[in-house]
């Protein structure tokens with residue numbers, strides 16, 4: 001494919017336009033009085049969302065160079081979301097300011113390399129100062145962090161605090177859509193472990209990069225599966241029943257994995273493969289725990305059991321299974337209480353008999369996973385559009401709460417960044433030239449989130465920042481009052497603030513040191529009637545896998 005090249009100020013100018021287009025769409029959502037963004041969908045009703053990363057993923061700009069700038073800022077939002085679960089809009093607002101100021105100074109003759117060094121030194125100091133300022137989470141702080149992250153919704157804050165209280169900080173909390181209008185908290189049997197899908201092609205929700213099935217069957221085995229022939233009987237059974245299948249095995253690889261992926265993508269099967277947790281004998285124990293939890297049978301080599309002879313009664317059942325790239329959560333049905341109690345009692349007897357501290361730790365972990373249960377927040381709303389928006393808010397609030405538990409809390413509303421910016425004056429005095437300018441860029445950038453929160457609430461951002469410095473108090477955008485935000489319960493998770501700042505400066509420093517941009521040359525519009533050719537042609541490439549196992553000849557006419 002032919003490429004387009006852009007150089008120097010022209011290239012940086014195009015990148016900046018892309019950054020501004022995306023950032024301007026995102027920053028209207030920040031703060032308790034942030035606005036919504038309406039996103040048109042090809043099919044169905046439009047989405048109305050308040051979630052930064054969801055908005056960012058929907059934006060594609062016509063100009064290829066501007067689109068690269070937009071995608072770099074989308075990367076800021078996505079990285080912050082992935083690592084902290086919240087703070088995407090804060091990261092975007094910071095990155096936009098840093099890019100604008102950095103490019104303005106570069107155009108005036110500043111060295112982009114020296115600017116970057118100064119910016120990185122400033123951020124390193126802010127991160128150190130942030131750690132010193134953080135306070136551990138206690139009392140009502142959990143509810144307050146969740147409430148702030150949910151856009152001031154106290155019902156959500158209370159529900160998340162209640163969920164953590166019931167399943168502990170280390171417990172599993174999931175969010176699902178309710179069939180009623182009410183949002184409810186349900187505690188049920190379940191388990192989570194740190195293994196994800198065997199292939200990203202099993203993803204069913206591309207926005208969240210997860211694979212999620214309702215009421216799936218679960219094949220549980222300690223075997224390594226490489227031949228599709230081993231799976232044909234069970235695949236035929238679940239295909240006839242229309243039931244999703246989760247294959248939990250030591251490894252699914254080669255021909256078996258490729259065939260499952262192709263049939264899943266063609267819509268023939270609802271299937272996903274997951275690597276079994278732990279190693280060696282502990283893996284068998286963990287799989288045994290999952291078998292008891294789901295009412296299934298562990299198909300084990302030790303018992304001389306064969307995958308070809310698996311019956312539907314050997315498969316485990318779950319209410320819901322959610323799989324990410326590195327974790328799996330099983331929400332169990334409620335029919336296994338007796339077997340579960342017996343399993344826990346058996347593990348406790350093992351615990352009493354062992355003297356090894358390591359074994360005791362692992363056995364206690366197994367008990368906690370089986371006994372702790374899963375807190376399920378069932379989200380209800382009058383319309384599907386509101387339901388999606390509310391679900392995103394709850395997920396953000398839950399992620400922010402977990403981040404607060406990890407690294408502590410600070411005053412919210414952008415106030416902490418504003419306070420920490422004052423400490424950069426001493427650092428700037430120690431530096432000179434463009435490095436000093438880089439520090440000053442970060443100092444000014446740290447005021448940007450507070451300004452935008454104030455603007456979204458209908459106030460003058462510059463006046464609010466000036467008043468905060470003069471009064472020594474934070475700005476409560478919900479009430480329009482100046483007060484101690486820690487006492488008022490307006491809190492941010494330190495981890496969210498730290499990652500937003502680090503991710504923002506990472507992308508901004510790359511952008512201001514860019515000299516050449518290379519983009520794909522847009523293809524001319526297709527002739528009328530030819531539009532369907534390319535997509536179908538691309539699918540045809542998968543047909544080459546049809547010889548992989550010859551499933552049609554093995555009793556699976558509907559597959560491959």
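Cβ from N, Cα, C; glycine included.
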Which of these, 186, 314, 326, 492, does Swiss-Prot list as part of the ATP site with 29, 30, 31, 32, 86, 87, 88, 89, 90, 413? 492
Of the residue ranges 497-519, 520-542, which one carries the region 'Disordered' annotation in Swiss-Prot? 520-542
Minimal Cβ count within 10 Å, across the binding-site residues 29, 88, 90, points to 29
Fewest other CB within 10 angstroms, which one of the binding-site residues 86, 492? 492
DSSP state at residue 492 (ATP binding site), helix/strand/coil: strand
Excluding its own, the Cβ atoms lying within 10 Å of the Cβ of residue 31 (ATP binding site) add up to 27
In DSSP terms, helix, strand or coil for residue 31 (ATP binding site)? coil
